[in-house]
């Protein structure tokens with residue numbers, strides 16, 4: 001047990017801690033790798049006096065809190081709409097698999113002034129023969145960035161809502177509330193959703209931490225000068241002048257502090273909202289409401305934006321010369337696919353995903369099997385949560401330095417390890433539910449037939465759980481392929497990947513190559529999901545009870 | 001103010017045959033009618049139809065009126081039909097008092113007046129001082145009494161009881177049934193109870209048996 005706990009602490013916990021400590025150390029003037037130690041807080045003064053600091057701070061807060069509140073707000077009516085629909089969850093998982101960068105690039109192609117949305121209605125409806133002179137992508141308030149974040153986060157929160165609602169008698173409570181005179185929307189808001197919220201708290205906080213510190217989407221969709229704090233930090237870290245590293249680290253520490261404050265503020269606001277809700281509920285007001293259409297409306301809007309983003313990637317990747325107000329490219333050409341080197345980063349991404357997912361799967365199995373054999377929990381949940389809650393830019397640069405200092409130079413191994421910090425938690429979360437739900441009678445009867453623990457694991461548990469194992473692996477691949485900073489920083493330019501290539505290309509002028517790279521980034525996880533769906537079907541083609549599928 | 005069912009028939013999803021022969025029934029204010037029948041004949045579905053909680057896919061024929069209003073076109077929350085479900089369905093995240101306050105009709109205004117109404121309902125249920133209690137700490141009979149009070153506080157124009165006493169112990173069942181019927185009768189509203197327990201039928205004013 002001690003050895004196993006140590007394993008997880010070293011593999012997952014230590015890198016994050018080292019990363020945070022070294023970032024903090026750098027901000028305070030301690031650089032163990034260089035043997036430098038001149039303590040002081042002048043880096044913070046430098047950071048605060050950077051031009052545009054206030055704007056960056058405002059942008060981060062507006063986009064971070066805006067995206068979180070927006071996603072949660074949208075997930076409420078959508079959750080009510082989906083709750084009675086069987087199989088809703090299986091359509092959400094593939095939506096979750098689309099990587100942030102690919103979605104952001106597609107959304108940019110869709111919403112830019114010269115984007116597909118404007119082309120589709122021009123010039124016949126708008127009269128525009130030239131792209132309109134308005135700022136959409138990169139708007140100074142980060143509204144398009146908020147939209148992009150919400151497109152990724154709403155499915156995540158919806159899935160969490162459906163999972164939380166699973167074991168509850170939602171239909172019975174709905175009937176009870178309505179028999180007391182409340183509309184469906186009111187019963188959902190006042191009675192059912194508040195019971196689900198405790199299970200939503202962690203996903204919401206993960207969304208908050210992610211939105212406050214997102215880099216790849218902010219590079220593509222956010223304002224560029226000044227950018228959000230996380231992007232500003234990345235720019236300073238990668239500036240040619242090494243003197244910029246200290247204010248960068250100081251900014252990263254400030255971002256960590258902001259995350260902490262926002263988290264505390266959120267928890268406080270939760271209480272305030274709960275109190276207000278109880279007061280409202282005691283007044284007994286019934287709001288007459290016609291059948292609400294906001295659920296289906298939001299679902300269609302989201303699918304149009306998300307689906308449109310992927311379709312436009314496909315279109316641009318094969319578009320011949322495509323002039324502005326034309327709704328569709330005049331011709332299709334595969335020449336860019338033939339000429340461009342997209343296979344190299346794609347294979348590299350695939351290799352990184354295979355490695356990090358395989359390690360994450362093995363670690364998860366070790367964890368869950370150890371808990372089974374000892375019949376008690378490992379109490380290491382903080383290990384799973386920490387990498388997801390902390391801003392990535394707050395520890396990944398420190399981690400890269402730490403790896404180097406400990407003798408692990410930037411390269412594939414460092415990248416795989418960094419990705420593992422994010423892949424492992426999601427694989428673990430995906431696997432825990434089905435693993436615990438496994439009928440204990442199966443292993444008990446195997447034991448009564450004389451099967452030892454290893455035989456029980458390999459001949460009973462793993463085969464029976466093959467469908468959820470495949471799903472967890474697909475989620476691992478999706479998380480790995482989506483990683484941007486975890487490739488950029490520990491890879492130091494030596495490890496190509498679709499995420500970093502796509503984001504770098506997005507700021508250039510070659511829309512076709514950008515589209516090809518982003519499309520490949522989106523295709524890899526979707527292929528993994530399809531495989532996860534198909535393999536159990538084939539493996540268990542003669543076992544109806546085990547075919548499973550995506551959940 | 002009576003509850004009238006005219007030629008009601010129900011067909012389950014993907015079935016062609018109706019669950020029971022067409023049912024016509026008039027329940028007068030203050031009267032309790034018990035609908036009996038073997039399990040699977042659609043007693044609970046009948047309650048769900050009148051209350052407005054029938055799952056999608058059922059085919060229905062006939063009309064249901066309450067005090068002259070056609071119920072079947074109205075959403076559940078506008079029917080003013082209270083339902084006492086099998087499992088009391090107290091909301092687990094709210095205190096007993098807040099469960100009752102949620103049910104209490106909205107036109108009683110003022111925080112003090114509303115709290116007094118809740119206290120009074122608890123008193124009537126023999127649960128004085130239970131307002132702050134967690135519903136999970138209540139016994140089965142106590143939960144059922146709170147659920148009934150919550151329904152009645154919403155001032156329903158009719159009350160439906162869906163085998164609500166079946167899960168209680170024999171002694172408690174008699175007491176709970178008497179308690180429920182007394183409170184419903186005191187409000188002069190029609191009540192429809194479905195059950196497969198003969199004692200329920202005897203306690204009601206009238207009994208009707210569903211058949212294929």
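Cβ atoms are placed via backbone N, Cα and C, with glycine included.
Unlike curated entries, TrEMBL annotations are predicted automatically.
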(Q) Quick check on the annotations: TrEMBL lists transmembrane segment for one of A:464-486, A:487-509. Which range is it? (A) A:464-486
Q | Of the residue ranges A:414-433, A:434-453, the one that TrEMBL records as transmembrane segment | A | A:414-433
(Q) Is the transmembrane segment (A:199-221) in contact with the transmembrane segment (A:95-121), using at least 3 Cβ pairs under 8 Å (sequence separation of 6 or more) as the test? (A) yes
Q.
Same chain only, please: residues at least 6 beyond the ends of the transmembrane segment (A:342-368) with a C-beta under 8 Å from a C-beta of the stretch. Say none if there are none.
A. 4, 7-8, 11-12, 378, 380, 412, 415-416, 419-420, 423-424, 427-428, 431-432, 435, 462, 469, 472-473, 476-477, 480-481, 487, 495-501, 513, 516-517, 520-521, 524, 528
Q) Can you name the far-off residues of the same chain, 6+ from the ends of the transmembrane segment (A:295-322), with a Cβ under 8 Å from a Cβ of it? A) 74, 77-78, 80-82, 95, 98, 102-103, 105-107, 109-110, 115-117, 147, 151, 154, 328-334, 336-337, 511-512, 514-516, 518-519, 522
Q: Considering only the recorded stretches A:59-83, A:199-221, A:414-433, A:464-486, A:515-539, state which has the highest number of Cβ pairs under 8 Å to the transmembrane segment (A:7-30).
A: A:414-433
Q.
Looking only at the recorded stretches A:59-83, A:380-408, A:414-433, A:515-539, which one has the largest tally of CB-CB distances under 8 Å to the transmembrane segment (A:248-274)?
A. A:380-408
Q) In the same chain, who gets a Cβ under 8 Å from the transmembrane segment (A:515-539) while lying at least 6 residues past its ends? A) 93-94, 97-99, 101-103, 105-106, 109, 310, 312-317, 336-337, 340, 342, 345-346, 349-350, 353, 466-467, 470-471, 473-474, 477-478, 481-482, 498-499, 501-502, 505-506, 546-550
Q: Using a Cβ-Cβ cut-off of under 8 Å, list the residues of the same chain that are 6+ residues beyond the ends of the transmembrane segment (A:414-433) and lie near it.
A: 11-12, 15-16, 163, 352, 355-357, 359-361, 363-365, 367-368, 383-385, 387-388, 396, 399-400, 403, 408, 468-469, 471-473, 475-476, 479-480, 483, 486-487, 489-491, 495, 497
Q | Cβ contacts under 8 Å made by the transmembrane segment (A:59-83) with residues that lie 6+ beyond its boundaries | A | 141-142, 145-146, 149-150, 153-154, 156-158, 161-162, 165, 170, 184-185, 188-189, 192-193, 204, 207-208, 211-214, 218, 222-223, 226-230, 255, 258, 262, 266, 292, 294-296, 298-299, 302
